[in-house]
Amino acid sequence: MRSILVLSIGLLATVAAGSIYSRFGSASSEGGEEPDGELWALLAAGSNGWYNYRHQADVAHAYHVLKGHGVPESNIIVMMYDDIANNKDNKYKGKIFNSPNWVDYYEGLKIDYRGEDVTPENFLNVLKGNASGVRGGNGRVIESGPDDRLFIYFTDHGAPGMISFPNDIMTTKSLNDALNWSNKNKRFSDLVFYLEACESGSMFEQVLPSTINVYAVTAANGKESSWGTYCENDRHLPCLGDLFSVNWMEDSDVEDLTTETVGQQFNIVKKETNASHVCHFGKMKTESDPVSWFQASIFIDFLAKQQILQKYSIKHRLETSVPSREVEIRYLEKKLRETNDSDEAEMIEERLQEIKTKYAHARRTMKSVVSVMFDDAEDTKEMNAERRNSYMEKNEESSVIYFPECHHKIVHTFHKLCVNPSGDMEYYLPYIYVLNNLCNAEAGRTHTIMESIIEQCLIKSI
C-alpha cells in the first residue's frame, strides 16, 4: 500500500509540474484557445437490476472524471436507477466499483433523476432544457446557450435503432430529432455524444447529419454486441464496467486532456475496444478539438484516489470481457460451477431456464408477427416457412434505419402490445432487427405491419 501511495503522490507532483505523462505533445492545430461559454454534461444509465451493475458503475465513474477535471457539479446532470449501491446482493454496501482498482465511485455522486424518473422523456427534456417537460427528479435541466459545449454519455442495452430505459425505449428518431432541434435552436456551439450499447452505431448511421454541430462515438457498429468487462474479479461482482466506456474513462483519467484531441481519444479507444467496432458520426471537424473542451482540464485530488491508474492492461480487460447480452448468463453459469449449495444450484438452474424460455418466447412472438403479415393460405407450408425465414434473417440492411418514422412507430407499437410490462424487453432486443426488415420491405409504409402486430399481440392474446 505504501508503494501505491508513493506512486500516487508522485503522479500528482508530476501533474502539478505540468508534465503529466501524456502521449500527446501539443495542442490541436485547430483547437487554439478554449472557446467562450460553459461546459454542460448529461450522464445516463438506462438500465436497472443487479446484473446490469456495470451501467451505473460507468456513469458514476464518468461523473468523477468530469468533476475531477473541473466541471462544476451544477453543470453535471445524472440519471440512474440507483438500485446497485445498496442492492441486497451487494456485499459492499453503499459502494460501486468500475474496475479492480476498487475505487468507490458512488461516494460523492450526485443523482438528479433516479428510479421511475429515468425515462426517455426526461432525458430528452433535460437535453433540450425544457424544465416544464420533466417529471420527477429535482427538475434540473441543461441551461445552455449558443456559446456552450455539451457532453452527453449514455450506457445501457440497445438494438437496431433503439436504446433501452428501465421501463421504456428511445428510438433513433426521437434522439436525432432532439439533437437537430437543439442545434437549430442554438442550445450549444458543439456537442459530443458517447453511446455505449449493443448495435449502437445504428442510432446515428444514415441518420445523424454531418452538417450540424454534433459528433457521436458509439461502442459498436449497428450489427454487433458491445461488451462488458472486468467480469472476472476477485470480489465476485458482475461485470464492473463496459469495455468501450472503461477505455475512454481510463484514458481520460490519466491523460492531459488539453493536449489530447477528441480524434486521438477516438483512435485510442477504437484500438483498445477490439471486441467490437467503435464508430464515429457527425461533425468530424470536432476531432481536432481538445478533449478538455468537452471533459474539462483541471487535475485535482480525484487523481489521488485512483491509486495505480493504468494497473490493468488492455489484455486483461479483453480477457475478462463478455458480450453484453450474455453477462447474466455467464455470471450465473460461473456461480453454478462454484457453488456447493444444492438449494442455490437449483435456484440458479431455474433462472437459467427462465432466461432461455423468455428468449425463445420473444423469437416466437416476432416470428408470429412475420407469419401473420406474409403467410398465404394458397401457398405450401414450405413456401410460407421459406418466406418467414427470409424476414427473420439478418442482412446488411437490417441494422440501417432507412425509414426512421416507420421504425419509430412500429418499435413503439410492438413494445406496447407485445412485451410484458414487467421488464422483459431485453429478451426481445436480439430480434428488433426483424421489425426494421419489415419497414424496409414495406418501403416505410406502416399500415400492414401495424395490423400484423395488433392481430398477433392484441387480438390473439384476448
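Every residue gets a Cβ built from N, Cα and C, even glycine.
Here's what TrEMBL has on this protein:
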SIGNAL    1-17  signal peptide
ACT_SITE  H157  active site
ACT_SITE  C198  active site, nucleophile
DOMAIN    351-457  domain 'Legumain prodomain'
Euclidean distance between Cα atoms of H157 (active site) and C198 (active site, nucleophile), Å: 6
Cβ neighbours within the same chain of H157 (active site) - under 8 Å, at least six residues apart: G46, S47, N52, I163, S164, A197, C198, S324, R325, E426, L429
Tally of residues which DSSP labels helix, strand or coil - the domain 'Legumain prodomain' (351-457): 79 helix, 0 strand, 28 coil
